[in-house]
């Protein structure tokens with residue numbers, strides 16, 4: 001006799017189904033995205049004119065720090081994990097992840113992690129205010145006496161543990177649970193990017209965990225890893241932090257590149273151009289990504305020989321990235337293109353990520369980097385890579401798989417309105433920041449000199465456009481979930497050359513994914 005299936009809230013709280021866990025990742029990360037977006041709007045309100053007092057200086061620093069932390073660790077990385085959780089087992093023909101209970105545990109670790117950081121706002125001394133990078137000595141007791149930094153560290157420890165457990169699960173799943181006949185080089189490119197991303201997580205995240213432990217013991221137990229007066233070195237934190245956090249850029253971007261590699265062929269009616277080249281380019285990005293962390297530290301007095309090495313490596317990583325962009329353009333060249341919402345986001349990704357990559361080459365040049373270090377030029381570059389790159393890819397993937405996940409079709413008109421508002425708002429917000437930085441406006445400051453006022457007016461107007469765009473997105477998705485038309489198994493009508501396994505089953509998929517495990521020929 002089969003056990004009665006759970007319903008209601010218990011269905012979600014006790015589930016080990018990769019699909020439900022993936023959906024919970026998406027809901028949780030979207031909550032933090034909305035929260036971090038509200039923090040960004042508050043910052044842009046403060047910076048809309050010089051000398052405003054929308055936020056106190058101390059509160060501005062706290063909101064700025066939580067904005068970056070939530071966007072990186074509680075939005076971009078978890079939403080990628082959520083989409084990967086849902087899609088990867090379907091694409092490789094598996095019934096679930098290799099370790100379903102570990103998968104559930106990995107998700108539930110994120111909930112207290114985010115709550116710890118969020119709750120610190122209401123404690124004496126407020127939340128962490130040293131930026132998402134938390135450089136010493138800003139994190140010392142002298143400058144951060146409250147418990148905010150301690151809770152920030154503990155929250156990141158839990159989030160890191162979640163990432164490591166998820167990484168093990170994904171690697172084992174992809175290597176061992178593929179359908180009969182599906183060799184590694186028959187996998188969809190999205191699965192390749194997830195495999196390489198999770199491998200990066202397994203190498204890089206323990207280094208961050210060690211650095212966080214050192215920082216916590218400096219604060220609580222009197223050690224001196226980062227205290228120069230006692231023989232420590234604050235630059236050591238930068239080395240350890242960026243050894244994780246530069247590969248983390250690829251943790252946030254590579255799965256998005258995999259989504260683009262699914263979307264562009266689907267709406268071009270062609271097979272992806274240069275499949276094996278794309279695989280090896282992804283491997284190259286993953287490997288070289290561990291050799292470039294020092295370009296964040298050119299202004300620290302680094303040895304000139306090391307500067308040259310990190311500068312060269314930072315430019316070399318543009319080569320595999322260029323291979324991928326070339327392959328995407330070759331994929332759509334001559335295709336029968338359908339400009340549906342996922343395709344628009346795919347094209348937007350190519351445009352905006354290319355701009356971010358070009359400014360990255362500029363920042364790889366030591367003389368230029370030293371001039372614009374800690375200015376708004378760096379803010380602009382970061383957001384063209386992570387907003388123009390990761391977020392555009394996330395929306396491309398989300399719109400692409402929304403009918404499969406929900407069993408409903410979204411409103412295409414409002415999807416396109418959302419895209420154009422995001423594309424315009426993103427450029428209006430962040431393009432002026434390149435000029436702000438080259439003119440010398442420092443970042444992470446709650447006010448500025450009057451000569452930067454006009455550029456900040458423009459950037460804040462762009463942020464308002466983005467706020468409207470995200471409101472439209474949320475309303476469209478909620479209405480589509482409520483009364484959208486039923487989605488067929490393959491609403492995009494893929495050509496046979498690019499129809500992956502998830503489009504061969506009903507929408508949403510059954511509990512066991514496949515009534516019979518598919519055999520790949």
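Glycine too: its Cβ is placed from the backbone N, Cα and C atoms.
Within the model, the domain 'Cytochrome oxidase subunit I profile' (6-521) carries an average pLDDT of 96. Taken from TrEMBL, the feature domain 'Cytochrome oxidase subunit I profile' applies to 6-521.
Here TrEMBL flags 20-43 (among others) as transmembrane segment. Same-chain residues lying 6 or more positions outside the transmembrane segment (20-43) and placing a CB less than 8 Å from one of its CB atoms are 11-12, 54-55, 60, 63-64, 66-67, 70-71, 74-76, 78-79, 81-87, 103-104, 107, 110-111, 114, 118, 398, 405, 463-464, 466-467, 470, 474.
Sequence-distant contacts of the transmembrane segment (63-87) (same chain, six or more residues past either end, CB-CB distance under 8 Å): 18-19, 21-26, 28-30, 32-33, 35-36, 39-40, 42-43, 55, 97, 103, 106, 110, 113-114, 117-118, 121, 127-134, 152, 156, 159, 163, 166, 170, 190, 194, 197, 248, 251-252, 255-256, 259, 386, 390-391, 394, 397-398, 401, 405, 444, 502. Summarising the annotation, TrEMBL assigns transmembrane segment to 63-87 (among others).
Here TrEMBL flags 107-132 (among others) as transmembrane segment.
Residues or ranges marked as transmembrane segment by TrEMBL: 152-177 (among others).
A Cβ distance under 8 Å defines the sequence-distant neighbours of the transmembrane segment (189-216), meaning residues of its chain 6+ beyond its ends; these are 80, 84, 87-88, 91-92, 134, 136, 139, 149-150, 153-154, 156-157, 160-161, 163-164, 166-168, 170-171, 174-175, 223, 225-226, 237, 240-241, 243-245, 247-248, 250-251, 254-255, 257-259, 261-262, 272, 275, 278-279, 282-283, 285-286, 289-290. Per TrEMBL, the feature transmembrane segment maps to 189-216 (among others).
Feature annotation from TrEMBL assigns transmembrane segment to 248-267 (among others). Listed by sequence, the residues of this chain that lie at least six past the ends of the transmembrane segment (248-267) yet keep a Cβ under 8 A from its Cβ atoms are 72, 76-77, 80, 83-84, 188-194, 196-197, 200-201, 204, 278, 282, 285-286, 289, 324, 328, 331-332, 337-340, 342-343, 345-346, 349-350, 353, 385-386, 389-390, 392-394, 396-397, 400, 492, 494, 497-498, 500.
Panel annotation: around the transmembrane segment (279-298), residues 185, 189, 192-193, 196-197, 199-200, 203-204, 235, 238-239, 242-243, 245-247, 249-250, 254, 257-258, 306-307, 309-311, 313-314, 316-317, 319-321, 323-324, 327, 363-364, 366, 369-370, 373 of the same chain, lying at least six beyond its termini, place a Cβ under 8 Å from a Cβ of the stretch. Marked as transmembrane segment by TrEMBL: 279-298 (among others).
If you look up TrEMBL, you'll see 310-332 (among others) marked as transmembrane segment. Residues 257, 260-261, 264-265, 268, 270-274, 277-278, 280-282, 284-285, 288-289, 291-295, 298, 302, 346-347, 350, 353-354, 357, 360-361, 363-366 of the same chain sit 6 or more residues outside the transmembrane segment (310-332) yet have a Cβ under 8 Å from a Cβ within it.
What TrEMBL lists as transmembrane segment is 344-365 (among others).
Here TrEMBL flags 377-401 (among others) as transmembrane segment.
According to TrEMBL, the feature transmembrane segment maps to 413-435 (among others). Sequence-remote contacts of a segment are chain residues at least 6 beyond its ends whose Cβ falls under 8 Å from one of its Cβ atoms, and for the transmembrane segment (413-435) they are 44, 340-341, 344-345, 348, 352, 359, 376-377, 379-381, 383-384, 387-388, 391-392, 395, 399, 455-456, 458-459, 461-466, 468-470, 472-473, 475-476.
A Cβ distance under 8 Å defines the sequence-distant neighbours of the transmembrane segment (455-479), meaning residues of its chain 6+ beyond its ends; these are 34, 37, 40-41, 44-45, 47-50, 395, 402, 410-411, 414-415, 417-418, 421-422, 424-430, 432-433, 435-436, 439, 441, 448. The feature transmembrane segment is assigned by TrEMBL to 455-479 (among others).
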